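J.: Here it is, the structure, as structure tokens.
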There are 2 protein chains.
Amino acid sequence: MIEDKNQSRTSLSDLGEFGLIEHLTKNFTIKQSSTIKGVGDDAAILNFKSKHIVVTTDLLVENVHFDLSYMPLKHLGYKAIMVNLSDVYAMNATATQVTVSIALSNRFPLEAIEELYAGIETASQIYNVDIVGGDTTSSTKGLIISVTAIGEIDSNDIVYRNGAKPNDLLVVTGDLGAAYMGLQVLEREKEVFKVNPNNQPDLDAYTYIIERQLKPEARKDIVKLLKDLNVKPTSMIDISDGLSSEIIHICKQSNVGVELYENKIPLDPQVISTCEEFNIDSTTIALNGGEDYELLMTISQEDFPKIKGNPNLTVIGYMTEKEKGMHLVTRGETLIPLIAKGWNALNDQE
Amino acid sequence: MIEDKNQSRTSLSDLGEFGLIEHLTKNFTIKQSSTIKGVGDDAAILNFKSKHIVVTTDLLVENVHFDLSYMPLKHLGYKAIMVNLSDVYAMNATATQVTVSIALSNRFPLEAIEELYAGIETASQIYNVDIVGGDTTSSTKGLIISVTAIGEIDSNDIVYRNGAKPNDLLVVTGDLGAAYMGLQVLEREKEVFKVNPNNQPDLDAYTYIIERQLKPEARKDIVKLLKDLNVKPTSMIDISDGLSSEIIHICKQSNVGVELYENKIPLDPQVISTCEEFNIDSTTIALNGGEDYELLMTISQEDFPKIKGNPNLTVIGYMTEKEKGMHLVTRGETLIPLIAKGWNALNDQE
């Protein structure tokens with residue numbers, strides 16, 4: 001008889017579905033006063049009193065949205081929450097609850113799912129959201145994570161995508177393109193590893209961009225900053241598909257045009273150096289890279305003094321009349337029409 | 001060159017993700033006054049004023065929860081909504097909104113997804129819920145549907161699983177075991193079809209049980225009925241995993257025992273005859289079959305006159321002190337301990 005040497009692997013079928021859910025949720029704590037009842041009944045009960053409620057949902061599929069050969073499960077759990085909270089913050093709201101559903105094949109032992117949930121729990125602690133429900137089931141192939149995030153907001157504070165006006169400033173948080181370049185480095189190392197599994201990669205030059213890919217942070221701090229600065233954007237969206245695609249969403253929904261200045265787009269030095277190494281144009285990456293989870297907003301010109309010089313906010317262009325179209329103004333002062341290449345999940349697979 | 005004769009297939013990649021979402025959501029209408037903003041922004045905005053909010057979510061995975069070889073996509077879309085609304089009704093609440101995320105491989109043409117959405121939309125019309133968000137992405141294999149349902153309720157009306165008291169009556173809606181037996185018939189016909197694809201099955205004797213499997217209805221009517229009868233159950237749960245498993249949930253969460261009478265369990269004649277045909281014990285099916293989406297509740301004895309004789313509600317037992325345990329009282333008056341075999345998704349696959 002062959003002995004199982006891998007003693008730390010607990011089979012999911014040993015626990016059963018109810019056992020698994022109980023095991024995974026037993027440490028969940030309630031932090032929000034709006035959570036009346038979390039996990040453990042047919043549904044969660046929430047009470048937001050006079051506040052409006054924000055609801056958003058995203059689905060992450062193995063080998064479409066993430067690759068477990070370089071994505072640690074703990075990071076994946078964390079990122080699954082970030083992706084959704086980012087949408088809540090893009091409404092200028094406070095995230096309060098999430099539900100998390102996972103489907104997984106029997107190739108995952110309990111310990112792997114504990115890792116995933118550890119990341120989910122860490123995110124919920126840091127971002128102060130309650131995990132109030134979910135579903136755990138099997139898949140015939142791979143891991144699928146579905147998160148729904150809920151938030152609260154005073155109706156006066158809501159910022160939609162459709163409020164941009166001509167002459168408003170186009171403002172972005174943080175820097176762009178890093179998550180995409182981090183992914184390129186990880187993909188390259190995966191190929192190197194396939195050829196020579198003993199190769200020890202030196203990734204010191206890429207720590208920032210790899211972290212941006214593996215452990216992005218949603219910009220909760222920006223919602224607070226805008227409140228502190230007494231600035232209410234005229235429109236806002238989060239950057240998940242790429243700057244270009246998100247600007248076009250705002251323009252179309254707000255019926256305005258835009259002039260985006262290439263030389264204003266914030267790039268981290270690691271993005272620039274890695275782009276040079278990979279021989280890719282860094283502007284193309286910033287425009288189309290995706291997964292940055294920064295916030296893109298338009299603000300009225302009169303609010304400019306309030307944000308001027310703030311290191312978190314960069315003015316990258318301004319909105320125009322719709323008839324003027326949507327353009328990138330290059331370093332050579334040429335106008336190029338903006339196109340949404342974005343990150344098109346439906347074209348990404350074979 | 002081989003011509004594509006199948007002119008009605010539109011590739012999903014022709015449309016792209018944004019195109020697909022726009023195409024699928026363009027006909028969605030808003031029916032609920034609590035829906036301030038539906039699809040089209042980073043998140044939906046809802047306003048429930050003084051009401052409490054109910055949130056529940058479920059994930060359906062191809063070849064785990066459904067088999068497209070006999071499940072029409074329109075029915076699948078409908079059923080995905082029912083599964084979630086059932087949880088909202090189990091809190092005694094009114095369902096108001098859903099979000100629907102789907103991941104699908106490129107083997108599905110646009111027309112297939114339109115079918116799926118047609119079922120989702122039909123359900124949302126009939127059950128008066130708004131579709132306020134979702135995510136559409138690709139999968140490497142099969143179809144995955146994630147639905148989050150939201151409802152509203154006055155805080156006084158909420159019914160949890162943990163309120164059952166000794167001497168309360170155990171009451172179930174509708175009849176049990178039909179969905180499971182419908183599945184058995186469909187599985188058998190699939191095997192027959194594999195052997196002889198020209199065989200025309202005669203399913204007339206199974207119409208009710210097949211419909212229970214393919215097109216279940218959530219018991220929205222019961223929430224209204226209970227209100228009309230002025231009955232507030234002391235506990236309630238929906239029957240998705242099987243009667244036995246749900247009774248045990250109520251007992252454990254309410255700290256009570258139960259005596260369930262075998263001869264009181266409501267069975268449709270088609271269930272009885274099909275069980276005989278398959279040589280399965282019908283009580284076992286009712287206890288463990290699952291997917292019935294009926295409501296199981298406990299009500300105070302003093303409410304009995306209000307429900308007496310109502311064809312929608314069957315008293316099947318009563319709650320006891322916890323120490324007396326959880327038992328099935330058989331037709332032969334023998335006490336058998338209740339065991340949750342349920343429908344364990346995690347053991348169901350290879």
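Glycine too: its Cβ is placed from the backbone N, Cα and C atoms.
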J.: For the Mg(2+) 4 site that TrEMBL lists with B:D42, B:T56, give the additional residue from the candidates B:D67, B:D87.
T.: B:D87
J.: For B:D135 (Mg(2+) 1 binding site), which residues of its chain lie six or more apart in sequence with Cβ-Cβ distance below 8 Å?
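T.: Expected: B:S101, B:I102, B:S146.
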J.: Using C-alpha atoms, which one of the binding-site residues B:T56, B:T57, B:H65, B:D87, B:E291 comes nearest to B:S240 (ATP binding site)?
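T.: Ranked by Cα distance from B:S240 (ATP binding site), first place goes to B:E291.
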J.: Would you mind reading off the Cα separation of B:D238 (Mg(2+) 3 binding site) from B:Y117 (ATP binding site), to the nearest angstrom?
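T.: Pair distance, Cα basis, whole Å: 25 Å.
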J.: Report, as a single number, how many Cβ atoms besides its own are within 10 Å of the Cβ of B:H65 (substrate binding site).
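T.: For B:H65 (substrate binding site), the count of other Cβ atoms within 10 Å is 23.
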J.: Counting across all protein chains shown, how many other Cβ atoms sit within 10 Å of the Cβ of B:D58 (Mg(2+) 1 binding site)?
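T.: Excluding its own Cβ, the number within 10 Å is 24.
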J.: Here's one to test understanding: among the binding-site residues B:D42, B:T56, B:H65, whose C-alpha is closest in space to the C-alpha of B:Y117 (ATP binding site)?
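T.: Comparing Cα positions, the closest of these binding-site residues turns out to be B:H65.
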J.: Taking only the Cα atoms, work out how far B:D58 (Mg(2+) 1 binding site) lies from B:R161 (ATP binding site), in Å, as a whole number.
T.: 18
